[in-house]
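Some features that Swiss-Prot has for this protein:
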- 18, 21, 45, 48: Zn(2+) 1 binding site (BINDING)
- 141-154: compositional bias 'Basic and acidic residues' (COMPBIAS)
- 214-234: transmembrane segment (TRANSMEM)
- 238-258: transmembrane segment (TRANSMEM)
- 297, 303, 304, 333, 474: UDP-alpha-D-glucose binding site (BINDING)
- 333: active site (ACT_SITE)
- 387-414: coiled coil (COILED)
- 475, 499: Mn(2+) binding site (BINDING)
- 762: active site (ACT_SITE)
- 846-866: transmembrane segment (TRANSMEM)
- 872-892: transmembrane segment (TRANSMEM)
- 908-928: transmembrane segment (TRANSMEM)
- 960-980: transmembrane segment (TRANSMEM)
- 992-1012: transmembrane segment (TRANSMEM)
- 1022-1042: transmembrane segment (TRANSMEM)
């Protein structure tokens, strides 16, 4: 078909409408109409044409012909060489004329693009070209793709820095760099560096990983022969003991396989922050880094000290990231006036703390932990005013800390009439179980500047509404409320979730995450980036394995080589679209032959088939289930309606208030109503009409908030056009979306946001995302990204483990159990094994408790689980023991974990297994099957104690979790004494079985040694109550066993009957 004929025939009219998005097809720069497809002339606008080429099938929706590249448009893979590369290169990168026009922009308080009113920050599009900018409406229909790079700047410092790094890497000769003074050559070098990947995968060296895999296979073979030997050689004089031990060993083998297979191909990753800066943060241009919203959650400020929460917030506000792209939301689920006043003081102190951190680039940027460091703080500091300003800042922080302590002391005793705010009005949250929603914006509005006149990141206090009779779903419900509030106020495309006791230890942590999330290829497939948890304030020997190094440095790296690490509840950067239940984009295979390769008589068949292909392609990001499918289909039309609607009307509503009334937002007149949408259908074509009617399905899924629904359709982040015109109306809309009844009859907690149904909502939420096909990434920068506090006290540590295990049991008993959920989906098999291991590990406590009891029983009764310890049995036992040691040693070799950390992990696996995990199994069964709810308590976070750094370590707190391990220790000690005494007094036929029994008993006690040491505390004595309970249980067990004596056959003699003879 002739292109000219198409152009003249199809575009005689002055205006043509794009058949994809419904917008007008704009003319080209030379005034001629834009024709996307030269074969059929199907009307498609330039933005849709470029998006289809970069993200879609690259084919025309009507004739299925592959789109050819138009001059000035970015290249994609598969484009033919048209001989105009050099001209396009100069035109795309604009080396000669870097200037361009910027559209006017009016500053708005809650605008995520710009707050200075000078020029809007460029928006970033996930998965878009690496060096491109986008402007225009939020719908993406009017977006005009800009040039991939703008040249003409000197950037001398960056060039020198780049040359130095390249010389160190051996990629650049020093002589060449000295001679290369030409400006254009420097620019081309920067272009080449900026186009390099932002990250790379670093596999484990084969010299370390291959022996590890070989030993795993050998251990599996040895394990099979060992189990065969154990099953085929029963102990006839102790069948119950033998049967119990074999069942335990079979379970341990299955548990080991589930734990070992996901660690088959571990990987590590490294990032390139300099390339990120060259690509998205170039000097003299608006920053194009993606905005991010921080979420901090807290429940009880008396258990979670406000000074710790304040330090977390301060470290967020001082993060090394553009201030207009950072927002911090603090969720107060306890509606505490103490936290409200604390954040007010924190916002005031941040005006001095944030510029101090950025001026001297200090780390960490949490003042409590920065000033408590026992290091040379003058190292690498060259500013002469640093010492003086640091001394002044430390004094100001101490004064700030005293004010916070005064607030805490005041909050200890609540007045009878309730708390009263400074203006004399009663505090709305006096009743923590019945109060309205509250929102307060401290920073981020105009006028909230630091002492140097620079802007500060946004800081927002949020306390969701609570009413009797509603299930608030604890932390998961609070996080979902923050998702909705942030979407209404800022709507950043990424969300970083932190616990209140986890501060930002690496100010560049967000940039580390953006190296993955803003990557051209990987970013659009990622649901979250997970950072490892690191802790402060742990004793040097880590008695109770609080650091959990084995999990974070071994298991998580193994998962990163499959589909990604699990979500661990904090230190995670989420893709907002993944939280909304959308599927990741599905890569479609390009057809080997297109229409222009077939004869003309086949074109109609191809077009018919292409129609189906185009239809299926529209649902590229369908929801996770239920009504989630097809959410992308009405996106363009619905956004077009909001855009046209915003030109006529603005958001209504009165002035913003701190707290909504008892009916909250229900009386508030919203700007977009469903009735108005239905009335506005007249005059639209069929495509737009069907798109607008899908508003009802959106409300069933996301809730009845048109502003929030519109924000979910903006993939790039940012507020819908016109929504930011009235900040007061946005506050009222935000109060509406945190009302207690908002989630009724919606998909929140089921398919959207944090998933309900378990106290470990983190595991469930990550599992749902991976089932949809999303991937996650494990980021381990050299400097820990975040650090938190861990419960170093034995009782608190066991209660923490109890809560985790209880959540796993709840997931096991739910429909989301990995054993039977989402088969046929996009969850990889090894990833399913890993999730299965995370929910079945509490059940290991039952065979573990039995196996730790068997050695003592054998010593008390003189029986053994093995009939005869012959040479073959000895070989299998020794081979299994050596394979376990070899696996552990090689695992430490490739992971870098110390042997002490590995041994502490093994010890606490036994301690937690026979205590917290055991209780979690029974509590979980009672909760799920019997309906008996077990309320979990928040683990207390102790503030820093300068008098005794580890005073909490020796503090004893009574809990029933201490009884089973103590009983095991006493039983095994009694068994050792009884076994040795019996051998000495009565002799022993064979010392081999005796040594085997003694070895197993000592092995149990050795694993429980940290627990025993914790019971003794500082005074080296076990609490009386624990001793009494344990001795009582051990005595009852021993007496019953001796009385029954099940392994000694009853003597059967002749039956005596009266014979009638006197004898």
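Backbone N, Cα and C atoms are what each Cβ position is placed from, and that goes for glycine too.
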Best-contacting stretch, by C-beta pairs under 8 Å, relative to the transmembrane segment (992-1012) and drawn from 214-234, 238-258, 846-866, 908-928: 846-866
Stretch among 238-258, 872-892, 908-928, 960-980 sharing the most Cβ pairs under 8 Å with the transmembrane segment (846-866): 238-258
Secondary-structure category, per DSSP, in which residue 48 (Zn(2+) 1 binding site) falls: helix
Residue 499 (Mn(2+) binding site): secondary structure state under DSSP, collapsed to three categories: strand
Model confidence over the coiled coil (387-414), averaged pLDDT: 92
Alpha-carbon spacing, residue 21 (Zn(2+) 1 binding site) to residue 762 (active site), which is rounded to whole Å: 37
Cβ neighbours of residue 21 (Zn(2+) 1 binding site) where a neighbour is any other Cβ within 10 Å: 24
Fewest other Cβ within 10 angstroms of its own Cβ, chosen from the binding-site residues 303, 475: 303
Residue 762 (active site) versus residue 304 (UDP-alpha-D-glucose binding site) - Cα distance in angstrom: 20
Pairwise Cα distance maximum in Å, UDP-alpha-D-glucose-binding residues per record: 297, 303, 304, 333, 474: 16
Candidate nearest residue 45 (Zn(2+) 1 binding site) in space, where candidates are the recorded positions 297, 475, 762 and distance is Cα-Cα: 762
Spatial neighbour of residue 18 (Zn(2+) 1 binding site) that is closest, considering only the recorded positions 474, 499, 762 and their CA atoms: 762
Distant-in-sequence neighbours of the transmembrane segment (872-892), which means Cβ under 8 A and at least six residues beyond its ends: 208, 211-212, 215-216, 218-219, 222-223, 225-226, 229, 233, 260, 263, 554, 866, 898-899, 902
By Cα-Cα distance, the member of recorded positions 297, 333, 475, 762 nearest residue 48 (Zn(2+) 1 binding site): 762
Top Cα neighbour of residue 762 (active site) in the set of binding-site residues 297, 303, 475, 499: 475
Count of other CB atoms lying within 10 Å of the CB belonging to residue 304 (UDP-alpha-D-glucose binding site): 23
